[in-house]
Amino acid sequence: MLKSRLRMFLNELKLLVLTGGGRPRAEPQPRGGGGGGCGWAPFAGCSARDGDGDEEEYYGSEPRARGLAGDKEPRAGPPPPPAPPPPPPGALDALSLSSSLDSGLRTPQCRICFQGPEQGELLSPCRCDGSVRCTHQPCLIRWISERGSWSCELCYFKYQVLAISTKNPLQWQAISLTVIEKVQIAAIVLGSLFLVASISWLIWSSLSPSAKWQRQDLLFQICYGMYGFMDVVCIGLIVHEGSSVYRIFKRWQAVNQQWKVLNYDKTKDVGGDTGGGAAGKPGPRTSRTSPPAGAPTRPPAAQRMRMRTLLPQRCGYTILHLLGQLRPPDARSSSHSGREVVMRVTTV
């Protein structure tokens with residue numbers, strides 16, 4: 001509507017410029033009787049008759065210029081787009097196939113490299129099901145060499161692998177080690193060498209007849225005590241860091257040995273109750289009847305983990321309580337508040 005008004009205003013302005021404003025324009029009369037008309041410019045949906053009457057009222061009966069008379073001519077617009085052709089029957093089959101693949105009937109893929117069977121045979125080595133069920137044997141061996149664990153991180157099932165043979169020493173590959181792992185290996189090696197040398201010298205010095213004068217010397221007796229203390233420290237260091245170095249060795253062994261990974265066999269799964277989560281397969285079916293009253297029941301995995309966590313705390317609390325009982329009565333009564341605070345912190 002606003003566009004139509006602006007167009008008519010410009011046409012009036014052109015007409016006034018061309019005619020010089022000699023003849024006054026008659027005011028438009030409302031159409032349709034008394035008060036029935038709107039008095040506004042014609043809408044696009046008005047009839048041709050109403051439009052001609054309005055133009056005659058505005059411009060009169062004098063001939064107009066081509067630019068003014070051609071405003072009512074329809075403008076040629078862009079042609080309508082052609083209708084799309086009907087899809088062939090093969091396209092419908094392909095669409096239904098893609099929808100069926102998206103709905104879950106997809107080709108199995110390796111959960112590590114996300115490749116299909118074209119990259120190698122897909123195995124199912126653990127209880128996991130669904131999209132994380134299959135994996136390639138080389139991908140699994142590489143994953144084990146990086147993590148150092150031979151169990152699935154989702155269902156906690158230990159992979160069933162068979163060692164075929166060790167690779168040629170010329171084909172051995174090094175594994176990536178962090179700074180902490182290098183320090184652990186160095187501590188184990190140096191501690192073992194010192195422990196072997198110290199124990200060998202102590203045994204020779206205590207049993208050899210030629211070392212009788214050493215056993216009687218005070219300086220050597222002090223050395224015996226120092227070497228004994230260092231031997232205890234080395235044994236504790238080896239015990240503490242032994243598990244970490246053993247995992248590093250298992251990683252190296254996974255890379256430099258040929259393996260055969262076996263598929264998951266539900267009939268041979270004796271630890272099916274330890275698998276957890278929605279990603280794991282259910283273990284072997286057990287009887288739904290309740291066990292006998294006298295039969296021992298095995299606590300679940302979560303309860304066993306909680307017991308392992310609480311056991312050191314309870315042991316520490318018990319030792320602290322026994323040490324408090326060994327104190328004299330006066331000292332125990334004077335430091336009762338401080339001991340209570342320490343016991344509470346240890347329990348938390």
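The backbone N, Cα and C atoms fix where each Cβ goes, and this holds for glycine too.
As annotated by Swiss-Prot, region 'Disordered' applies to 48-96, 272-304, 328-348. Swiss-Prot lists 63-75 with the feature compositional bias 'Basic and acidic residues'. Among the features that Swiss-Prot reports, zinc finger is placed at 102-162. For CYS126, CYS128, CYS152, CYS155, the entry in Swiss-Prot reads Zn(2+) 2 binding site. Per Swiss-Prot, transmembrane segment is recorded for 185-205, 219-239, and the stated evidence type is sequence analysis.
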Other CB atoms, at most 10 A from the CB of CYS155 (Zn(2+) 2 binding site): 21
For CYS128 (Zn(2+) 2 binding site): DSSP state (helix, strand, coil): strand
Neighbour count (Cβ, 10 Å) for CYS128 (Zn(2+) 2 binding site): 23
Packing count at CYS126 (Zn(2+) 2 binding site) (other Cβ atoms within 10 Å of its Cβ): 27
Model confidence over the zinc finger (102-162), averaged pLDDT: 78
